[in-house]
Amino acid sequence: MADVVEAPVPVASAPRNRGLAHARSLLGVVPFFAYVAIFLVVPTLVVVIGAFAGDGGFTMSNLTALGDRYILEAFGRSILLSAVTAAIGAVLGALLAYALVTAKPGGVLRRVVTAASGVLAQFGGVTLAFAFLATIGLSGFVTIWLQEHLSINIYANGVWLFELPGLALVYTYFQIPLMVIVFLPALDGIRPQWREATESLGGSTWQYWTRVAGPLLAPAFLGSTLLLFANAFSAYATAAALISQGNPIIPLQIRTALTSEVVLGQQNLGKAMALGMVVVVSVVMTLYALLQRRTVRWLG
Amino acid sequence: MAGLTARRARRQRAFRWTVLLVLGVFFLLPLVAMLEFTTRDGGGTWRLLVDWPRLSATYPDLSAGIVASLGQAALTALLMLVLLVPTAIWVRLRLPWLRRFVEFICLLPLTIPAIVLVVGLAPVYAWVTYFLGGSSLTLTFAYTILVLPYAYRAIDAGLSAIDVRTLAEAARSLGAGWATVMWRVVLPNIRSAVLSAAFLTVALVLGEFTIASLLNRTNVQVAINFLGKSSATMSVAVSLAALFLAFVLLLLLSLIGGGRRGGSEAAPLSTAKESP
């Protein structure tokens, strides 16, 4: 169709000119692809190739080093943290999203909460860590208030804010809004007619949720949960700002591998861990895409 | 039936307010706490924060970080637009078979966590430092990749909403060159999409920490984190200010988005960020 605007081409030389025009068209995307090649493809290759590279060429030693106990434990903790915050975020986020759906469509409440969720889902990293320091840090607002008014010391059993439980709490703060954003469209796809149909056939509310709405929403719910998992699994900044001792999760292990003096023979261990992270995230995102495809069949 | 519906409406209302109240407290508490935390000294921290000369004298690292972040945000938005807008238009007009691939490339950074990207970027940045020096503004290159998914989605949505091909053909048949088509015909029609992409870029760049800190460069987040070790109050105050700025930016964004009809509230945010 774009050829319509080209100058009329004599029939005889058409193939050659077509090829030329084609090549010229491709020139237009060269800057973009060159840029992406340098700053996205090369770094990805550096990670992938580096994970298999040793002093004298190809080696599996970086990958076998992933089997070390402390790395396996870090991966385990990362996965646990992501799974727990994804589950909590998904359930609470879904409840909030449902509360919005039952509100007046296009009403102020819904617009405000959706907009706020959009902002809070982006709210992460150092800023969030400091927000929680001001809230339940050792001299935080809530900590002091509870101590003074109810004489409750939330840190009677140790300062858990700077460890995994604290991290889980902080992550929930951006997981719930993210769930609202990704799950709301699916809930909007539920039609009131389906409920009416259930009722006219004598179904109860319980039956409606377990037999009609539940199965319809399940792929969307699972898919959103996976997205939340990937989100928490990739997060680095919040943990880096909050956790001061040790490297309990894998992104912090990568930091150490990047910044500290390299241990002999393990120069590429960071790349191997990075590759491990990519594998986990890719698997999760692939499942998400599959579930998403199933979701749009009914709720698109 | 009417009684049943009324009872359900009442139950739903009770459920709605319970959920909103509980989660509302959870989400507002940290913000209130930040305000309380930073005003314990009677507002001195905030007075210092708005007094730029005094601030840069007291916390030179912080003011350097703020300046670096603003520079990075502006440059990234510019580079993103220069790179993405012509490519997206060109692909739609001349290389439609390439569109899926370009989309795939643009969404790729979503599956690569920033912490992984930084591992691969370290050798690339050794070259960047060699050619351009170690300025914090060089982070622009990495940030443009980071914002690609969000910016691409915003611009692509804008292009889908107009008939690019007819516009281009009309302009071409009137004798316009490709530069005129892009700059004076298509671009004005996707103004709000370009604005969304730019806002998202600025918001994301202002919140970036991972890459800046691990490539030994500075920005406002790195400065906040560094300052947190010595002056927690100031760190929290800057955090709150940065958050407020992001709030304003993204609210403006959703207002622009709300102007475009089609039931897509906060569309560009829909599969929000991956790397908090």
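In case you wondered, yes, glycine gets a Cβ from its N, Cα and C as well.
Heads up, TrEMBL stuff is auto-annotated, nobody curated it.
The transmembrane segment annotation in TrEMBL covers A:26-54, A:74-101, A:113-146, A:166-187, A:208-230, A:272-291. The domain 'ABC transmembrane type-1' annotation in TrEMBL covers A:75-290.
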Inset, instruction - State the non-local partners of the transmembrane segment (A:272-291) in its own chain: residues 6+ outside its ends, Cβ under 8 Å from one of its Cβ atoms. - result: 47-48, 50-51, 62-63, 65-66, 71, 75, 79, 219-220, 222-223, 226-227, 229-230, 233-234, 250-251, 253-254, 257
Legend entry - Leading stretch by Cβ pairs under 8 Å, where the reference is the transmembrane segment (A:113-146) and the options are A:26-54, A:166-187, A:208-230: A:166-187
Legend entry - Same-chain residues at least 6 beyond the ends of the transmembrane segment (A:26-54) whose Cβ lies under 8 Å from its Cβ atoms: 60-63, 265, 268, 271-272, 274-275, 278
Legend entry - Positions whose Cβ lies under 8 angstroms from the transmembrane segment (A:208-230), at least six residues beyond its ends: 82-83, 85-87, 89-90, 93-94, 175, 178-179, 182-183, 186-187, 190, 194-195, 198-199, 281, 284-285, 287-288, 291-292, 294-295, 298-299
